[in-house]
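This report concerns only the one structure given below.
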Amino acid sequence: MAVRVSLLAAALLAAVSCFHATASDPSLLQDFCVVDKMSKVRVNGFPCKDANDVAAEDFFFSGLHMAGNTTNKQGSAVTPVNVAQIAGLNTMGISLARIDYAPFGQNPPHTHPRGTEILTVLEGSLYVGFVTSNPDNKLFTKVLNKGDVFVFPQGLIHFQFNYGTKMQWHLQHSAARTQG
């Protein structure tokens, strides 16, 4: 009889606990995980440098002030700022890029399966768009001008096109989901 009461009490406690559960993103295990480019270990992501060897330079990049070379087939140039350029971005789930466009240059249709992109036009104008997934496959487009911001939802095919004659550039920011 005591076993039945204990099991009943445990079941009741479990049921009541479910109603008061909360959810949140897990806390980070450490403040940062700067890439150890010298490590021979290969994991899903990059191994971390010893925290005692981390320096301010691991969180720094210089170069977004320089225009990219747009004399190519696409008429655009991407200057990425991701974990390859800033070792301190490792595991943070965020990156940044500068994209320069020649007149009629493009960033052709592409997708970021694990990240949402936010774009800011800093100069000129840009025709942008994305396509929703099934069943509707709806096309959303907009002409952006200096100072405008546009968001491309995670995983959806999107593009940018400079239909004008003025050289322009913008920054794009991609916040990817991190897995642990």
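In case you wondered, yes, glycine gets a Cβ from its N, Cα and C as well.
What TrEMBL records for this protein:
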{"type": "BINDING", "residues": "ASN107, HIS112, GLU117", "note": "oxalate binding site"}
{"type": "BINDING", "residues": "HIS110, HIS112, GLU117, HIS158", "note": "Mn(2+) binding site"}
{"type": "DISULFID", "residues": "CYS33-CYS48", "note": "disulfide bond"}
{"type": "DOMAIN", "residues": "62-179", "note": "domain 'Cupin type-1'"}
{"type": "SIGNAL", "residues": "1-23", "note": "signal peptide"}
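Within 10 Å of its Cβ, the residue among the binding-site residues HIS110, HIS112, HIS158 with the fewest other Cβ atoms is HIS110.
Around the Cβ of CYS33 (disulfide bond), the same chain contributes PHE46, CYS48, LYS49, ASN90, THR91, each under 8 angstroms and 6 or more positions distant in sequence.
This prediction places the mean pLDDT of the domain 'Cupin type-1' (62-179) at 87. For the pair formed by ASN107 (oxalate binding site) and HIS158 (Mn(2+) binding site), distance between Cα atoms is given as 9 Å, rounded to the nearest Å. Across the domain 'Cupin type-1' (62-179), DSSP helix (H, G, I), strand (E, B) and coil residues number 3 helix, 58 strand, 57 coil.
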